[in-house]
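Some features that TrEMBL has for this protein:
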type	residues	note
DOMAIN	1-102	domain 'Peptidase S54 rhomboid'
TRANSMEM	36-57	transmembrane segment
TRANSMEM	64-83	transmembrane segment
TRANSMEM	89-106	transmembrane segment
Amino acid sequence: FLIYYMVCGIGAALIQVATAWLAGELPIQLVGASGAVMGLLLAFGVMHPNAVIMLLIPPIPLKAKWFVIIYGVIELFLGWTGYGGNVAHFAHVGGMLWGYLLLQWWKRNGAIRF
């Protein structure tokens, strides 16, 4: 768990810094664990794709795989448009990306099965 969490968190920071560098917005300050938490969300969606998540508002059931995909697309859109103020949207996307890559690497090497 700790390895996965740290890889997602560090990967999230790297993606956020890289996008800030490409946009000419350095230096930046990053605080938080949301990128790592997004990696955990992705792991749940990948390992339990048909688990049902009940949204609070509106109260509709949604399969985990669709929830993760929709959330990822929203974060990518918000990062691309710059909407959302001081939220590191690309860190969220980066945490999901690094989490997916690590899960696939572990799966290929037989460390996990799903």
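Numbering starts at 1 and runs along the chain as displayed.
From the backbone N, Cα and C atoms, a Cβ is placed for every residue, glycine too.
Per-class residue totals from DSSP over the domain 'Peptidase S54 rhomboid' (1-102), listed helix then strand then coil: 67 helix, 6 strand, 29 coil.
Within the model, the domain 'Peptidase S54 rhomboid' (1-102) shows a mean pLDDT value of 94, rounded to a whole number.
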